[in-house]
Amino acid sequence: MSTPAAVPVSRRTALVLALASLGGLMMLLWPLLLRVPPDTERIDPPFLFLALLPVVIAVVLAELSEGGLDTRVLAVLGVLSAVIAVLRGISAGTGGIELVFFLLVLAGRVFGPGFGFVLGVTSLFASALMTAGVGPWLPFQMLVSAWVGMGAGLLPRRVTGRAEIVMLVVYGVLAAYLYGLLMNLSGWPFLLGIVVPGHEQTALSFDPGAPLWENLRRFGAFTLITSTGSFDTGRAITNAVAIAVLGPAVLTTLRRAARRATVRGHVDPARTAA
Amino acid sequence: MSSARLPRDLHPVAWWVWAIGLAVAASSTTNPLVLLTVVAVASLVVFARRSEQPWARAFRLYVLVAVVIVVMRVLFRVLLGGGVGGGHVLLDLPEVPLPDWVLGLRLLGPVTRESVLAGLYDGLRLGAVVVCVGAANALANPKRLLRSVPAALHEVGTALVVAVTVLPQLAESARRVRAAQALRAGDERRTGRLRRQLVPVLEDALDRSLQLAAGMDTRGYGRAGTATPAERRVTGALMLTGLCGVCVGTYAVLDTSVPRLLGTPMLVLGVAAAVAGLLSAGRRVGRTRYRPDPWRWPEFAVMASGIATGAVLHWVSEHQLVVAYPDLASFPQVTLVALLGSLVGLLAAVAAPEPRPVTS
């Protein structure tokens, strides 16, 4: 029983997605890509990317909805975004327990990669609007959670039953850690500063002059101390438990809705006339 | 008094442009005097022109986040940065070497004035950016903002409007489900209870969404794209060019060994092509707006004051390096240009009309 994709992804859309993801990844991983002449006086974090990333995300969203989205898909998208925003609201700030990915992963799995991408963006944007969390961090969060939703839609379709739940649990755990890692990487130089000759920073700060390996080591220590050990693990465990316990029931509910939201019949004029 | 100045909600986009201008200003300096001026300007405008709507109260939260950022910045300096570099020792804390498997880090150590100041200045910069964004959140009506999304994102904007509107219904739905479950016997364990709550609420929400879709269909939301294949090809080409430009430009900005021609010019070209693609994709959407927000001279004035702040301080960061990035050893200096530049944003409070009182 394969339902048609809620948000169709044509070859051109896939290309746009790939290009935008590449650009977004570069903006997230910029500390690892930065090369400057050794005698640079001072280096500022590229605040420019904070403005650039929304444009990239807007282009992808415009491309995904270019052929016109079905109203049923739109309505489901809106409602699921609201549910995720509520889940985020009730789970925020309690020891890294975050239920955001749980529904995002399940919905991406059921509705497909295109829908997962859009849902990742809209749900975080909606929750930021509601809880007034629009900040410089929002574009990065939207992009990474969009990847999480899209990735869930790209998982192999053949796996069903208990194996499917196991696969989703594993994916949820990986996604939670990866999300934390990428968010930390984008915020690391902003929080700890950048080392330039003459201006010493902390022993864990980003040093553009140092080799890649040294920077990775510093970042690893930073992320281990600040979040991988605590928040990210909390998030991974919450997601895994939520998917394992509630996954089967929620998947059934979502599949039923998906079938109703994506069915496309057409009226045969000859039969109507009769 | 002209009708433009009568109490009303200013166009949300004007507030956002103003706030982004202030954020650009804040991001282009580490001078604490200038940064505190920008923060003060943003706060004053918020206090003068915010409405009594719930989102207006969020400003406090952003200020709190900004304070946390500054404190964290300084704390990290004290905790991890001890003993590096020289300078005036403020506090001679003992050094705690950690075992080798934690990468040979040392905790604490002597706290120098320079290291604390550097942390403070950099933290203040990020904190000021956060306060500026918070000001926009407090001043601009998010629901009206959603209505001004570009036409190309019309559908995604609609989904967001649905999300924002459906939220109160979810609470009501949860209450109904709880009442119904209380009347029945059933699984009383924790996970069972959770499942009995969540699944009906989700089912209810999805059911309603399909009803809503039917309603939207009858009101003409379900429109097919009217673009011809040639127009669609142009849109696609523009978008792809734009993204390629952004990718190449981003890489060139980061890697300075690449020819400079590929940096900022490529980025500008990419963004221009992407915006053109968005406009072209938006042209296929034929829709009218119900009671559009007016755009009059106060909107222009608010926008201009924000842009002016950003432009002046950007100029300062290029031409008056000592002012923009003060030395840590002496008291930071300001010039008249930098001070006036950061105060221009205050004009927004004068230009903007008073917010509409909330009618109960």
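Any Cβ shown, glycine's included, is placed from N, Cα and C.
According to TrEMBL, the feature transmembrane segment maps to B:15-47 (among others). Sequence-distant neighbours of the transmembrane segment (B:15-47) (same chain, 6+ residues past either end, Cβ-Cβ under 8 Å): 56, 59, 63, 66, 120-122, 124-125, 127-129, 131-136, 138-140, 145, 302-303, 305-314, 316-317, 323-326, 332, 334, 338-339, 341-343, 345-346, 348-349, 352.
Summarising the annotation, TrEMBL assigns transmembrane segment to B:59-80 (among others).
For the transmembrane segment (B:123-140), same-chain residues at least 6 beyond its ends with a Cβ under 8 Å from one of its own Cβ atoms are 10, 12-13, 15-16, 18-20, 22-23, 26-27, 29-30, 32, 35-36, 38-39, 42-43, 45-46, 49-50, 55-59, 61-63, 65-67, 69-74. Feature annotation from TrEMBL assigns transmembrane segment to B:123-140 (among others).
Only residues 6 or more beyond the boundaries of the transmembrane segment (B:234-254), in the same chain, are considered here, and those with a CB under 8 A from a CB of the stretch are 227, 260, 262-278, 280-281. The feature transmembrane segment is assigned by TrEMBL to B:234-254 (among others).
According to TrEMBL, the feature transmembrane segment maps to B:260-279 (among others).
Feature annotation from TrEMBL assigns transmembrane segment to B:300-317 (among others).
Positions annotated as transmembrane segment by TrEMBL: B:329-352 (among others).
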